[in-house]
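Colleague: Here's the feature list from TrEMBL:
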DOMAIN    15-199  domain 'Thiamine phosphate synthase/TenI'
BINDING   44, 45, 46, 47, 48, 79, 118, 147  4-amino-2-methyl-5-(diphosphooxymethyl)pyrimidine binding site
BINDING   80, 99  Mg(2+) binding site
Ligand SMILES: Cc1ncc(COP(=O)(O)OP(=O)(O)O)c(N)n1
Ligand SMILES: Cc1nc(C(=O)O)sc1CCOP(=O)(O)O
Ligand SMILES: [Mg+2]
């Protein structure tokens, strides 16, 4: 079981921006500020891919983004890099099936950090719950250009399947999600919409975040 109150995690997952320095044309801190002003509820620092920062540069950027998030009450999650997350006292960590084992991460992080785990099968979902995940990352729902090794898109049916199997923990849907298709993903049972390009590639990251936020106002979210 996860360490945090599921109702708190559900609220935070709603508009979940994921980004690293290679995902934006303007500097990432500028995009993050706009997205925060537009209403994002959670941020994941995902610094990977060709040309990604490493070492001190990566840590310095993480610290800067963490500070922006702390000033705005937006929890800050680190993708993959458990050591960095613990070193800077991030609010949480997201790991996938090829990353550090989720149960080990839970042990290292303690019960007060948000732990997210990517899942692609019902079996993986049960295992993630056992390992102490606070939320599941479920995707790719639609085709994505933001992750080279993404699996084939599942459609919102993957979320429905998770719920049909009685898995009730918070779920963040990911992959090709935007303001045009987000509503059907929420209606399939997702608690949150995780996006990279819908915000980082938008002409106005602020406006994109506002539009994603508005999907929760009149949707039958759980
Ligand atoms: C919210 C969320 N869901 C899924 C992922 C993907 O994690 P992973 O499969 O480990 O892939 P990378 O992001 O590390 O390339 C995620 N990061 N966030
Ligand atoms: C980081 C990530 N993980 C995925 C998964 O399926 O696990 S899809 C993805 C990329 C999401 O970017 P965009 O919103 O631009 O499609
Ligand atoms: Mg990963």
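The backbone N, Cα and C atoms fix where each Cβ goes, and this holds for glycine too.
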Colleague: Near ligand 3, which of the binding-site residues show up if the criterion is a Cβ under 6 Å from one of its atoms? Options: 44, 45, 46, 47, 48, 147.
Modeller: none
Colleague: Running a distance check here. Ligand 2 versus the binding-site residues 48, 99, 118, 147: which have CB less than 6 Å from one of its atoms?
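Modeller: From 48, 99, 118, 147, counting a Cβ under 6 Å from ligand 2 as near, the near ones are 118, 147.
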Colleague: Checking the spread of the 4-amino-2-methyl-5-(diphosphooxymethyl)pyrimidine site as listed (44, 45, 46, 47, 48, 79, 118, 147): what is the longest Cα-Cα distance, in whole Å?
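Modeller: It comes out at 17 Å between the most distant Cα atoms.
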Colleague: List, in sequence order, the same-chain residues at least six positions removed whose CB sits under 8 Å from that of residue 79 (4-amino-2-methyl-5-(diphosphooxymethyl)pyrimidine binding site)?
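Modeller: 18, 44, 45, 46, 47, 48, 93, 94 - these are the non-local Cβ neighbours of residue 79 (4-amino-2-methyl-5-(diphosphooxymethyl)pyrimidine binding site), listed in sequence order.
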Colleague: Determine the most Cβ-crowded residue among the binding-site residues 47, 99, using a 10 Å radius around each Cβ and all protein chains in the structure.
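Modeller: Selected residue: 47.
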Colleague: So of 44, 45, 48, 118, which of the binding-site residues has the fewest other Cβ atoms within 10 Å around its own Cβ?
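Modeller: Across 44, 45, 48, 118, these binding-site residues, the one with fewest Cβ atoms within 10 Å is 48.
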